[in-house]
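Per TrEMBL, the feature domain 'CMP/dCMP-type deaminase' maps to 54-162, 237-343, 355-486, 542-665.
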Amino acid sequence: MDQEMEPSGCSGRYSLELLCPKGCRWTEDYREPMRKLHKRTFKFHFENLPNPDGWHKTFLCYTIESKQKNRFLRNGVFQNQDHPYTRLHAELRFLSWFHDNWLCPGNSYRVTFYMSWSPCSECAEELTTFLAGHRNVTLTIFFSKLYYCDPDSSNREGLKTLAAGGARLFVMFDTDFSYCWTNFVNCGYNYFEPWPLLDDNSKYCNRILQKILQEPMRKLHKETFYFHFNNLCFAKGRNKTFLCYTIESKKKNRFLRNGVFQNQDHPYTRLHAELRFLSWFHDNWLCPGNSYQVTLYMSWSPCSECAEELTTFLAGHRNVTLTIFFSKLYCCDPDSPHREGLKTLAAGGARLFVMFDTDFSYCWTNFVNCGYNYFEPWPLLDDNSKYYKSILQKILQPGPSRLSQDHPYTRLHAELRFLSWFHDNWLCPGNSYRVTFYMSWSPCSECAEELTTFLAGHRNVTLTIFFSKLYYCDPDSSNREGLKTLAAGGARLFVMFDTDFSYCWTNFVNCGYNYFEPWPLLDDNSKYCNRILQKILQGEMTLKEETFRIQFNNAYKVPKPYHRRVTYLCYQVQKANGNLLTKGCLRTKKGYHAESRFIKRICSLGLDQAQSYQVTCFLTWSPCPRCAQELVLFKSSHPHLYLRIFTARLYFHWRKSYQEGLQRLCRAQVPVAVMGYPEFAHCWYNFVDHQPGPFEPPWYKMEYYSKCIKKRFQRILTSYLLSLLLAGSDSFEFSNIFCSGGSQNRDTRYITQIHHRSLAHQADPNIR
């Protein structure tokens, strides 16, 4: 086939001579097709040799049929136009003639080519453009030989582009040659006689063609992209799915490969684009020792079957992370299984997004043969993207719109998503509900508190939780305390065993007709987790000895090895008769101070307001001004609680705002004192997992440092008492503050004496 090509806008009429092998000639108008080929011309040019030599011409036999009336319209033969006329390939000659003589927008046409050579890359581009501009034309191409389709040839990419544009490509076999012989060859009454190795050569070419079409494309034709990626709300005629992919190495943080797949159709095994990509990626790139970041840009969202396959692939290859952008949602009606497929895919770890302008522009630049043209958005692109995004959020977030699962939405644990959804959609005060959870992890401390608060506020709900694994329940973990709080709040907690896993498999897994097959050591692991759970629920949360030595150490400087000293808060709640109700230990976590978590924990217990309780706190650091204010408000709103605070160290005691925070607590009748030997011993016996034996100071000079901190604290209170005395405070307020400050020292006794003399002098001026 001649590779030189010029535009087909030639004018004038002249003759074109066609020679047969014996020298016969006939003349045709250069614009008009031939009716029939000479039989020797057909055999010479259509012979499908693997390595032909001297075949410089391309013959194109065509058939035009009406799809509406399902009837034959016209057939004939074109060949490429050569010297002395304007060079023009047979495909372009046909397009020009067909456009000017037959094409009508109101009709639909079925065009079939039988060619001696497959189209070159330039003709493939022109045919793709023509099909994109004339959706009423379908094209099927049979060819005898592949035209220069070496591995690096642009003609391979041309065939893939043409197939992506809607053309159906086939290699000619015996029946196709026989059809051409009967309809396009002046054969008289002679039957077609196959040449040697015809069938073997056809099979060879067919294997190469299938390999070409199964490879990913490098780029899409721009018209194909505009047609199939257009995010119309009602996308008619877009029956193909295009998948643009990017593969990056997460370890080396570098680009590896990109390309385009489309769904595979007749006559090959039907295969969706996602499955074609998975098969190709698994066979050509996937390596267990590497980590991959895969990003897909798709014209349609995955169907339910593909979503399930993608989820299974991600579950079996933890070294692959998947992000999917799509232009349109595929048949996501409220009752469609494809909605469930998207939820399953998101739960399996894939990140799902709707494509917006920047994503379309990225695809245009990286996956479209666009030349130097910029992406031009179509009308309503942004509005349609927002529409699809709202539907996607509704699919992934059952319930109110504020619920979300992961980036780019607000991160929210599964328990909180359930509570919000259940509260807004099902909860009714007049009904009683029995809720059962089967969870992969036990609730964290924050979720446990939320669940406890929910149960305390909704007594018509009972909650049972089965979980497969314990979530970070080390001895010092706050999650242990969370489980105890949740159990105290009325929830029933269990570890999942074989029967529970089997129940989940039957009721919550799309398992088909398969039975649950337990994994190795399932029962042993469940027993191990159950022993830990029982230990957590039966015993109280304790600190490690090392943690106590580091965090409660009241020395001026941190001893070696250096550790950050954060706020730990050990608390105990006792009834009026002195019986212990509950106790626990909290620490500052994720921006929430231990005091704030303590207030939330006490509120979640649902204590009877008709009874009195004594709450004692042991802190590693005295409260900051904000926490002091929260404790004051907490005490004022819970008058039935008697709150006492002991602190091991004073936090920023030289700053006036921190001093005022401590003074505010004293004024609110919340006794604050510095921990001494009795308080350290009490914490050691009640909150520390210690070795048997009597308590001995865990660090050097513990009592000395305690006395020094007590003096410093007394000076803070003394200065405040003196300021009240000078301001003329009444004896009731003074006595409250004095009593809350702990034991008296010499300064407070002296100030008290002055205060009483001042009161006596005000009553009787004659008294000195």
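Cβ coordinates come from backbone N, Cα and C, glycine included.
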I'm checking region-level scores; what's the whole-number mean pLDDT for the domain 'CMP/dCMP-type deaminase' (355-486)?
84
Under the DSSP assignment, what numbers of helix, strand and coil residues are found in the domain 'CMP/dCMP-type deaminase' (237-343)?
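Its residues divide into 32 helix, 37 strand, 38 coil.
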Tell me the residue counts in helix, strand and coil for the domain 'CMP/dCMP-type deaminase' (54-162), as DSSP assigns them.
34 helix, 37 strand, 38 coil
